[in-house]
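Trainee: Sharing a structure here in structure tokens format.
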């Protein structure tokens, strides 16, 4: 019997409890190209050595349990166990370590984000030997990523469908998010699209409530976007939220959206679940629908620095599960997001190949082997004065969404949309002429407001509005 396949049954079984590090801490291990690699921020309980804590994470998220079991002898642990292969202290933090764990590919079902997370972030996060645990990053090998469809269409296909190039796309979340009738909701959609926006959006918690059932909303929104298209000559879209209480109901809503001929639907991927999201993404590719993804509930999982899952991991998981857009923070708005960290996972969403860069929180080089990219969506507390910064930070391949920054315009919804479109076009033109938006952005907006009364009114309303709080998610 070769060492690779030797079992404990052949060597004799000894019952009892032994340290995890004796089996699962392997500092000499050389990772394989097919391994899934994980970087965990580990905070051990007092008295627990970091090697034991890292090994416990590797064990409890793969083949291990709290005691030796005789059935270990019926398989090859060397083939299937996770391995903690490196540990390093976290600079500036007491009793925190980054534990690197390698998982053999055979531990995971092909094409299943659900199974991947059930293993890697399952019971181990409640393990008593750990005071706190955070999954900072994952390296998804090409051998595994190729088992996923990924985004239904991707960035280039979306631009071709919309016939829009050379600038960020503009959107707006309809407000108030709850309480409008379907007809009034459709009216707001029409006014925003007619004013110059590319998209309008259901808020994440708009599903099918008593004040507005989903079918009525879909019908009035479809009417609104077709009317706006006819008047502007531009292709328009509204993110029709298909999220529902069951997968069957979700698919029924997506089918109805396709029958209406609209270009895009929406899903809340964390509250809806990865299984539902992947099913919807497959339907969208097969039926020509774009898929907008909202990350509602993400901050419950990712906001604490020492416990949970970093959003860069949730972003990678979404690219695998499938989505053409995902909300990714704004850096400058009301929602959490530090610049370097945000741009790190924005690149992980959009690019084919991303080098390891710890200055941006990227722990591993990631090769997506031509999986379609995802457009990051900047949304939350942004207005026309933010347009230069947003254009400079996110670049062309992004969606900039102004909810209150459109519907809060003193002259109404359509003028609010006009103000945002004028501001965006002015920023793109200035950038293309070689001007520095980071330094000259405010002047670019002031110049444009001289010939756009809608923009001038918006500038006056929001000139003092800032959200200057310290970010929690910093390196």
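Any Cβ shown, glycine's included, is placed from N, Cα and C.
Straight from Swiss-Prot, here's the annotation block:
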| type | residues | note |
| --- | --- | --- |
| MOD_RES | 3 | N-acetylproline |
| MOD_RES | 14 | N6,N6,N6-trimethyllysine |
| ACT_SITE | 175 | active site, proton acceptor |
| MOD_RES | 201 | N6-carboxylysine |
| BINDING | 201, 203, 204 | Mg(2+) binding site |
| ACT_SITE | 294 | active site, proton acceptor |
| SITE | 334 | site 'Transition state stabilizer' |
Trainee: Once the chains shown are all counted, how many other Cβ atoms turn up within 10 Å of the Cβ of residue 203 (Mg(2+) binding site)?
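Mentor: Here the count is 18.
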Trainee: Let me make sure I understand the structure: which of the active-site residues listed (175, 294) has the fewest other Cβ atoms within 10 A of its Cβ?
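Mentor: Output over active-site residues 175, 294: least Cβ neighbours within 10 Å is 175.
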Trainee: Using the CB centroid of 201, 203, 204 as the Mg(2+) site centre, which other residues of the same chain sit with their CB within 8 A?
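Mentor: Neighbours found: 173, 174, 177, 202, 205, 206, 239, 241, 266, 294.
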Trainee: Which state, by DSSP, holds residue 294 (active site, proton acceptor): helix, strand or coil?
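Mentor: Reduced to three states, the DSSP call for residue 294 (active site, proton acceptor) is strand.
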Trainee: For 201, 204, listed as recorded positions, tell me which one has the smallest number of other Cβ atoms within 10 Å.
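Mentor: Looking at the recorded positions 201, 204, the Cβ with the fewest others within 10 Å is that of 204.
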Trainee: Give the three-state DSSP assignment (helix, strand or coil) for residue 203 (Mg(2+) binding site).
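Mentor: Note: residue 203 (Mg(2+) binding site) is coil by DSSP, not helix or strand.
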Trainee: Would you mind reading off the Cα separation of residue 294 (active site, proton acceptor) from residue 204 (Mg(2+) binding site), to the nearest angstrom?
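Mentor: With the alpha carbons as reference points, the distance is 6 Å.
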